[in-house]
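Among the features that TrEMBL reports, oxalate binding site is placed at 102, 112, 117, 122. Sequence annotations record features per position, and here TrEMBL assigns Mn(2+) binding site to 115, 117, 122, 161. If you look up TrEMBL, you'll see 38-53 marked as disulfide bond. The domain 'Cupin type-1' annotation in TrEMBL covers 67-215. Taken from TrEMBL, the feature signal peptide applies to 1-28.
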């Protein structure tokens, strides 16, 4: 017959409490893949965090190559920035891999306006030009730095950030993410160009201005 001493019971209780307090394993972004490859079948509906896999018999070498970041798209928006995305929607080979990349072109005086990526952290490198890169924490602390070619910046997941071209020439950066679909919440568009529109009363109370001021801002985002 085996008896338990008070010391042994206390030890077992301590170990049990320690196991409860230890952090459980968690994923920083997308879940890990369970197969060699899973090229997205974009014709199917997204399931959980991934697209269904294209049948292996339909996979080709082209599924693993994306040339969409080779050249600059035209500047067409009010901010003077063009963001070319290389995520799973444009590059199906990224499905389940937990990575993506963007090309960001900013004309002189242009801005990649305050935005956040809800599903990924970001790292970027300045290829040409000079930008002011800034982030704001959840405690409203602002960090910023003027960056030039060759310098790298990082944006923690979910934090509001921006890049402003403070140079005399076009700026170019490439950014990478630890999600195949990081998402982008662009604050001015979310607030002033949502469809259907956010009630003007909500915006006047939020920004402590009158209705004319809100309508004036909203008029800038009619595309």
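Note that Cβ sites are derived from N, Cα and C of the backbone, with glycine treated the same way.
Relative to residue 112 (oxalate binding site), the recorded positions with Cα atoms inside 10 Å are 161, the candidates having been 38, 53, 161. Cβ environment of residue 102 (oxalate binding site): 69, 83, 84, 85, 86, 87, 174, 175, 176, 177 lie under 8 Å away, each six or more residues apart in the same chain. Note: the domain 'Cupin type-1' (67-215) comprises 22 helix, 59 strand, 68 coil (DSSP; helix = H, G, I, strand = E, B). In the structure shown, the C-beta of 117 has more C-beta neighbours within 10 angstroms than that of any other entry among the binding-site residues 115, 117, 161. There are 19 other CB atoms within 10 A of the CB of residue 53 (disulfide bond), with all protein chains counted. When the neighbouring Cβ atoms lying within 10 Å are counted for each of the recorded positions (38, 112, 122), the highest count belongs to 112.
Predicted-model confidence for the domain 'Cupin type-1' (67-215) is 96, expressed as mean pLDDT.
Here residue 38 (disulfide bond) is positioned 30 angstrom away from residue 115 (Mn(2+) binding site), judged by their C-alpha atoms. Taking CA atoms as the reference points, residue 53 (disulfide bond) and residue 117 (oxalate binding site) are 25 Å apart. When the alpha carbons of residue 122 (oxalate binding site) and residue 38 (disulfide bond) are compared, the span between them is 23 angstrom. Those same-chain residues not listed among 115, 117, 122, 161 yet with C-beta within 8 angstroms of the centroid of the Mn(2+) site C-beta atoms are 116, 155, 159, 160, 182, 184.
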